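Q: The following feature annotations were taken from Swiss-Prot:
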type	residues	note
REPEAT	57-87	repeat 'PPR 1'
REPEAT	88-122	repeat 'PPR 2'
REPEAT	123-157	repeat 'PPR 3'
REPEAT	189-223	repeat 'PPR 5'
REPEAT	289-323	repeat 'PPR 8'
REPEAT	391-425	repeat 'PPR 11'
REPEAT	426-460	repeat 'PPR 12'
REPEAT	461-491	repeat 'PPR 13'
REPEAT	527-561	repeat 'PPR 15'
REPEAT	593-627	repeat 'PPR 17'
REPEAT	628-658	repeat 'PPR 18'
REPEAT	664-694	repeat 'PPR 19'
REGION	699-774	region 'Type E motif'
REGION	775-806	region 'Type E(+) motif'
REGION	807-893	region 'Type DYW motif'
Amino acid sequence: MTSKVVAAAASAFLSRTNELGNLQKSCIRILSFCESNSSRIGLHIHCPVIKFGLLENLDLCNNLLSLYLKTDGIWNARKLFDEMSHRTVFAWTVMISAFTKSQEFASALSLFEEMMASGTHPNEFTFSSVVRSCAGLRDISYGGRVHGSVIKTGFEGNSVVGSSLSDLYSKCGQFKEACELFSSLQNADTISWTMMISSLVGARKWREALQFYSEMVKAGVPPNEFTFVKLLGASSFLGLEFGKTIHSNIIVRGIPLNVVLKTSLVDFYSQFSKMEDAVRVLNSSGEQDVFLWTSVVSGFVRNLRAKEAVGTFLEMRSLGLQPNNFTYSAILSLCSAVRSLDFGKQIHSQTIKVGFEDSTDVGNALVDMYMKCSASEVEASRVFGAMVSPNVVSWTTLILGLVDHGFVQDCFGLLMEMVKREVEPNVVTLSGVLRACSKLRHVRRVLEIHAYLLRRHVDGEMVVGNSLVDAYASSRKVDYAWNVIRSMKRRDNITYTSLVTRFNELGKHEMALSVINYMYGDGIRMDQLSLPGFISASANLGALETGKHLHCYSVKSGFSGAASVLNSLVDMYSKCGSLEDAKKVFEEIATPDVVSWNGLVSGLASNGFISSALSAFEEMRMKETEPDSVTFLILLSACSNGRLTDLGLEYFQVMKKIYNIEPQVEHYVHLVGILGRAGRLEEATGVVETMHLKPNAMIFKTLLRACRYRGNLSLGEDMANKGLALAPSDPALYILLADLYDESGKPELAQKTRNLMTEKRLSKKLGKSTVEVQGKVHSFVSEDVTRVDKTNGIYAEIESIKEEIKRFGSPYRGNENASFHSAKQAVVYGFIYASPEAPVHVVKNKILCKDCHEFVSILTRLVDKKITVRDGNQVHIFKNGECSCKREETSFV
């Protein structure tokens, strides 16, 4: 009987009769014929039921209540329920179950309270629904009270109630209680076992889930397709072989491969990049639908197999299967991954044609695609603005995209707007906003978000905890970062890697290396993501021995082939003056990228092998590796140090005209330095005046340094004034200007400049040097000769060496102040305490002065020892009285 016929019959009959007995029977008969989508008929019946006072008839009301629930009219059903004068346990249970299925868990529990207050005794199905609502809310407290009622009413051994209770305890993390409850069940069936396995999988207890499956088989309980769907979910985390075993079990047991099970198998194989196996599952039987095909498309997308993903997408359409919102979302994700804006626009047009423009899933994928594929955020913002119901994923995608595009300030306004619209941000949203805080180094915002996380009790979650650590560390709040780490429930490599990265950025390289001990204390081993950070810290400290230990660790741990590790090793060996080792590591890189080549070119140039560095660059071009902005910074610096003026100018033009790389301020600084060292001050000034970017203080400082060397007082004063206008608290500008006045015969102006420094409470940046001896890094700071303790052992050793130099017949006498320079202290400490065969490697934060350079050079003539000093400009390798820089002392200006 069709809906229209039933509706017509109901209307005709009701208009002809007032006989209540017949009316009741007819209403029940009509309702029994109603189809699940015939809500209109329900309204036809409901009206006369109220009109003729038939709400006393329990069978009629229960039938009508069931009709409303079948047609998704849960709140209309609730209105009818409230109108009923007598409510049976069936009516209460049906309503509570409906709220539970609709995930209206709080409403289900509230209705249960009303039921208990009415004196109606719940049955096993009532308890099962109530317990499932408690599980949905993760409310173990209320669930425990319900459990007490279950025991009192004798339902604890019931498989339906017991399974729900086991699920509740599992979801609330009380696995011991869950297992004990399950063991007490009488005749646990397939559904009960599957629920327990599902709970364990949901709680990420993968091995325990497989163990339960094994016990299920031993108990002689046959698994069904839903059991295997859950087990495949566990296998995705346990490994390929586990999943293959489960697949074999499915075949051996003759479980029919329905669409749900096939989709789970496809998802499983695609996670392990076994797409050929996934396709075989797709073709294994005739039953297919859009969800199964979408799963295959998603698998190809996940594995970045663009051609196959698009081919499968087109094939499913040719078979008459209309892609759904998830299919289009997957294809748009592919466009995002391969940065294909044109194809993404085509898919966008298709979604509009087939009516998915209002789909939130498609909208989210479009926002992500436009953010990742466009140079601008405009189109993504337009799509977001047109969305009917943006959810938390929509807002989060937009926020993350804005962070990537550099619009970090806008993220905070979006977060406020999101909360205002009652969309609750999740941990990914907040992690994205914290990334914005890291870029801005905005500690106040970090504190605000941290407070919000504390109120929500999610500050200990690993994803958001890692973002908090990074945000605090980037804002120089290292103690706060450590407090977050200590409060986290779980920590991983990312937790410590972000901290090490920030320590390196802040110049706290010793602290970066100390993090290794904390990682090991947590049972976390360095991986290919964290190793480069520690190797970089070793490089910046000149800790060659530590760097070599990390190199050995990378080989033993199987990370020696990782490009990121090899690139960092090239940099480390170069900075430690061990160029042969750097070249050996470079040769191990299977396919050197631009970062690899930059490391080699930079290492050669900084160690004084300018010609070899330029040759390496030419080889890089021959190998068709495209240079980047950093490459040209390295080349310009090399030309500056090597006095290769014309070649430096040529590289600057090549960068712009051949490689279309727009020069940044840093490139102009080097260009000005090249011209300044060559005495071409007028050209250098012209570059500053005509550059398309606003010059910074460093450019004027570079020109001032050149003016000091060339004795150009008037231009030097002009550069100093312009530099101080931009950086009034930079002591280097005052010092350079004062030195220029001294050397130009203007001592009174020099003193006036130094007095101005004193008034502003500015002081010269202290020289700091480090030296590694027997795996431990020692630090030294330059001291004022008037304050130093001359009984200090290092000072005594320096004076002793100076006397030895005099006896050697060298004209070197040394500046008394220079005796306390940090580089000289570090060199002498390494000379005394390092093993006789070990070289001494020192790192200094400033350019090595003339006196210290001469001292170290003569020292290596007296003793057969290699001493390497890496200063703020280059690496100096001293051996047999000579330095690798091979430059006149003016280079130390």
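For all residues, glycine too, the Cβ spot is worked out from N, Cα and C.
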Q: Quick one: DSSP breakdown of the repeat 'PPR 2' (88-122) into helix, strand and coil?
A: 27 helix, 0 strand, 8 coil
Q: State the non-local partners of the repeat 'PPR 12' (426-460) in its own chain: residues 6+ outside its ends, Cβ under 8 Å from one of its Cβ atoms.
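A: Here the qualifying positions are 392, 395-396, 399-400, 402-403, 408-409, 411-412, 415, 418, 466-468, 470-472, 474-477, 484, 487-489.
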Q: Along the repeat 'PPR 5' (189-223), what average pLDDT does this model show?
A: 87
Q: I'd like the per-state residue tally for the repeat 'PPR 13' (461-491) from DSSP, helix first, then strand, then coil.
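A: Summed over the repeat 'PPR 13' (461-491), the classes give 23 helix, 0 strand, 8 coil.
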Q: Using DSSP, tally how many residues of the repeat 'PPR 11' (391-425) sit in helix, strand and coil.
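A: DSSP composition of the repeat 'PPR 11' (391-425): 26 helix, 0 strand, 9 coil.
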